[in-house]
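Colleague: Just passing along the structure, written as structure tokens.
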């Protein structure tokens with residue numbers, strides 16, 4: 001299929017920031033893909049990109065295990081922008097000198113622009129940038145000039161404009177680099193000559209055509225959880241092929257208040273999709289009876305879900321494709337190319353060997369924030385598009401220890417109150433994740449004139465970018481007070497509320 005947008009390729013040399021580069025470029029309205037540094041020049045040529053960016057990385061270009069690229073990439077005649085390690089690699093390739101710095105430079109630095117190449121067009125002569133390197137370019141390759149310097153880095157930026165080659169020692173993709181976005185924009189638009197054309201409207205049009213071509217008159221099966229990824233996949237595919245899609249929604253009894261009903265109302269009634277709801281509460285609760293260990297609970301819930309899905313799928317005839325909500329981050333973090341990832345996932349989720357499906361993964365070029373934008377474009381309600389991250393085992397790991405119907409009801413009701421009050425306070429887009437948990441401990445209290453001995457409910461709320469690290473959310477005291485008063489008064493068998501003020505690390509976001 002012919003691409004309808006310009007593309008910038010990012011080569012991954014191991015930087016923790018490499019995904020940020022691709023995301024920044026997409027935010028400009030230009031499509032960008034991240035590829036391993038081992039990609040060949042021929043493969044890049046076939047993609048017809050407008051330019052290439054070499055990411056940073058933790059290695060030394062002269063050290064053992066140094067990562068290199070196909071040297072023929074430099075013969076493609078494409079603009080290349082090397083960031084940190086990428087600049088050092090370019091320097092080495094063209095005969096310059098890279099040496100170990102006297103001390104590793106990490107943190108903010110003041111950059112002074114000495115030569116206004118296209119990269120620095122309309123940018124201030126002095127700007128704050130983010131450094132993170134242990135090596136330095138100490139000798140320029142022939143044909144290159146110094147673009148910028150810093151106190152500890154005499155060659156903080158370089159260029160050979162005749163060949164459209166540029167390098168910087170700092171990280172423009174990181175927020176701490178105050179004009180970093182403008183610098184990347186200058187490369188994308190000023191050097192590479194890209195035009196804006198990457199947007200969700202364009203993506204939907206291209207992806208619908210691709211799904212129709214792939215599926216033809218065959219049938220597709222989708223496991224619908226009500227989460228944003230599976231919801232967007234289901235709606236997108238349904239828009240493409242209509243009733244050729246069948247969704248299976250497993251209600252394991254561990255969902256939040258009103259969730260099962262909400263899923264059916266939204267997708268079965270709202271989008272008129274063919275959704276098979278499986279009520280498996282009793283089946284799951286029987287398996288979980290007496291189980292206290294969190295890992296064992298996770299395993300039981302995960303395995304049982306597969307068995308239930310298998311049972312229902314086997315009742316359906318002629319299902320050729322399985323739809324999955326695989327995101328671009330899943331593919332990138334697996335360290336493999338898209339095709340290899342699909343191959344390794346032919347038994348998705350541990351499905352039995354005799355259940356062979358061809359995969360459809362329409363979101364596998366999108367980041368999470370882009371999936372939310374896509375969901376909104378497709379008309380999916382905000383409460384699903386902006387749904388809180390929810391673990392696969394559901395409330396099963398928010399009830400610490402053995403799961404009972406009574407404990408599930410306490411978590412379900414208290415969590416509903418928390419969500420309602422957070423939304424009322426206008427904090428639902430500011431806090432990355434918030435929920436209640438039942439630690440299983442009881443304490444003495446007084447309600448009316450009587451002594452009580454009831455459960456404690458814990459509130460967990462965190463701010464984060466990606467969930468890898470998190471800080472506890474500073475919810476205003478008056479909001480916390482409302483939440484506490486409501487839970488104690490409206491939820492049976494609760495007489496105490498505690499607020500978790502631990503960051504990640506050392507704690508995890510979930511309690512189990």
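Cβ atoms are placed via backbone N, Cα and C, with glycine included.
Pulled these features from Swiss-Prot for this protein:
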{"type": "DOMAIN", "residues": "7-197", "note": "domain 'Glutamine amidotransferase type-1'"}
{"type": "ACT_SITE", "residues": "84", "note": "active site, nucleophile"}
{"type": "ACT_SITE", "residues": "171", "note": "active site"}
{"type": "ACT_SITE", "residues": "173", "note": "active site"}
{"type": "DOMAIN", "residues": "198-387", "note": "domain 'GMPS ATP-PPase'"}
{"type": "BINDING", "residues": "225, 226, 227, 228, 229, 230, 231", "note": "ATP binding site"}
Colleague: Out of the recorded positions listed (84, 226, 229, 230, 231), which are within 10 Å of residue 171 (active site), Cα to Cα?
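Modeller: Checking Cα-Cα distances against residue 171 (active site), the recorded positions within 10 Å turn out to be 84.
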Colleague: What is the Cβ neighbour count of residue 230 (ATP binding site) at a 10 Å cut-off, with all protein chains included?
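Modeller: Other Cβ atoms within 10 Å of residue 230 (ATP binding site): 20.
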Colleague: Starting from the Cβ of residue 173 (active site), draw a 10 Å sphere and report how many other Cβ atoms land inside it.
Modeller: 26
Colleague: Can you check which residue among the recorded positions 84, 228 has the largest number of Cβ atoms within 10 Å of its own?
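Modeller: It comes out as 84.
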Colleague: Taking the Cβ of residue 226 (ATP binding site) as centre, how many other Cβ atoms lie within 10 Å?
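Modeller: Residue 226 (ATP binding site): 21 neighbouring Cβ atoms within 10 Å.
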Colleague: Hey, how far is residue 84 (active site, nucleophile) from residue 173 (active site), Cα to Cα, in Å?
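Modeller: Their Cα atoms are separated by 11 Å.
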Colleague: Sequence gap of 6 or more, C-beta under 8 Å: which same-chain residues meet both conditions with respect to residue 225 (ATP binding site)?
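Modeller: The answer is 231, 249, 263.
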Colleague: What is the number of other Cβ atoms found within 10 Å of the Cβ of residue 227 (ATP binding site)?
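Modeller: For residue 227 (ATP binding site), the 10 Å Cβ neighbour count is 16.
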